[in-house]
Amino acid sequence: MEGQPDEVSAREQHFHSQVRESTICFLLFAVLYVVSYFIITRYKRKSDEQEDEDAVVNRISLFLSTFTLAVSAGAVLLLPFSIISNEILLVFPQNYYIQWLNGSLIHGLWNLASLFSNLCLFVLMPFAFFFLESEGFAGLKKGIRARILETLVMLLLLALLILGMVWVASALINSDAASMESLYDLWEFYLPYLYSCISLMGCLLLLVCTPVGLSRMFTVMGQLLVKPAILEDLDEQIYMITLEEEALQRRLIGLGLSPSGECNIMELEQELENVKSLKTKLERRKKASAWERNLVYPAVMVLLLIETSISVLLVACNILCLLVDETAMPKGRRGLGIGNASLSTFGFVGAALEIILIFYLMVSSVVGFYSLRLFGNFTPKKDDTTMTKIIGNCVSILVLSSALPVMSRTLGITRFDLLGDFGRFNWLGNFYIVLSYNLLFAIVTTLCLVRKFTSAVREELFKALGLHKLHLSDTSRDSEATKPSANGHQKVL
């Protein structure tokens, strides 16, 4: 009888902890959902807002896309939140106000992120796409029900196709009897195996996008910031661009009066818009303060170079650790738990540096993704992005964000163990795959940076040797050479 009250109190405490953790997860996801909704509505095409059946379909697809983007944001924040939580629990182990921050909550967030990622990737996003493109089977009454029926049939056929492909691939790789029997276990083997393949594809995509993005970040920040005005006369440039604007306006007026000049009006209007945009950027450079021109731009460029160099050095150190220590493998060790030991040699400062590098790699991967020619058409435009393109962007961001914790652990950016289904991927225990991944990342990143910083020298050498007419240099393909820079730093005038 004496042990019964203790058992009841233990059950009550467990119940209250479960309610507290569920409430925290719900609040965090609600915040991410609201932010994701505002982001998507900022880019969604306004012309898609009708008041008919298509409006209902677009609204449902919008909600599903918002849910997917919120899950992607949660997957990005998962590893930084876990790292900072571990350091906070080390500093304040018995603090009453942070008792809600515990290992159970962290493990629950990792499991929810894995579950929702699978749900969005294999169910919600295919449903949103097929539902958006569906019209209903021929012979049936048109309406929402007919479109839902067609969408469900398409989902069933897609599921059978994917399951068949995974079954054949797994049977070819592992042909032993135990592996063949495990193929019939849908929940315990099939779905984790399928998500492991998707994660590997996401990591390979990050392997391509991140080095490109790391080199592209210098160009992007150079377009967003105001460059120092060295040996330039901004007043003269503004005066010349004003004369060009007035000349284009006069030509437009002249073509508007003549009946045969309608074919050139569109080209002149586009050229006039470009000139006005360049004039606005030149005026912004002129109004910028000396601190913004001469201090902010060099400081940001130096900061980007330092972060990129630290990332490459950490990967190089991780390669050495893989060669001499088995515990450096992503599945080679299991820590003592949340709040028991610091994962960085430099303590809180090292943890903060890891978080900064993780966010930097994610931003670089997104920039690199949209910089690739294959995915260049996926770039969303403000108030002019269709729902189909929004769905494609959400799926791409979900794949990248779900693979980010795996890539960060594989490259040795952090020593935090992958929790939940993220740590169950079979390929994380393959030494040759992990070592090859680190080597390729270091080599490709170094080559991209060398190509970036030597592009001007190579262009001058090609010109000096007379080889620029053969188009051997890729500099002309860069957006800096083909378009006016976003800060107006252009010496053509």
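For all residues, glycine too, the Cβ spot is worked out from N, Cα and C.
Here is what TrEMBL says about this protein:
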TRANSMEM  20-40  transmembrane segment
TRANSMEM  60-84  transmembrane segment
TRANSMEM  104-132  transmembrane segment
TRANSMEM  152-173  transmembrane segment
TRANSMEM  193-214  transmembrane segment
TRANSMEM  295-325  transmembrane segment
TRANSMEM  345-370  transmembrane segment
TRANSMEM  390-407  transmembrane segment
TRANSMEM  427-450  transmembrane segment
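Among the recorded stretches 60-84, 104-132, 193-214, 390-407, 427-450, the one sharing the largest number of Cβ pairs closer than 8 Å with the transmembrane segment (295-325) is 427-450.
Within the same chain, the transmembrane segment (60-84) stays apart from the transmembrane segment (152-173): fewer than three Cβ pairs sit under 8 Å, each pair at least 6 residues apart. Recorded stretches compared: 20-40, 193-214, 390-407; the one with the most Cβ pairs under 8 Å to the transmembrane segment (427-450) is 193-214. Taking Cβ pairs closer than 8 Å, the transmembrane segment (390-407) reaches residues 40, 43-44, 61-62, 65, 68-69, 71-73, 75-76, 78-79, 113, 117, 120-121, 125, 128-129, 132, 198-199, 201-203, 205-207, 209-210, 330, 358, 361-362, 365-366, 369, 375, 378, 380, 418, 422, 425, 428 in its own chain, all 6 or more past its ends. Within the chain carrying the transmembrane segment (20-40), a Cβ under 8 angstroms from the stretch's Cβ atoms is held by residues 62, 65-67, 69-70, 73-74, 77, 100, 104-105, 108-109, 112, 390, all 6 or more beyond its ends.
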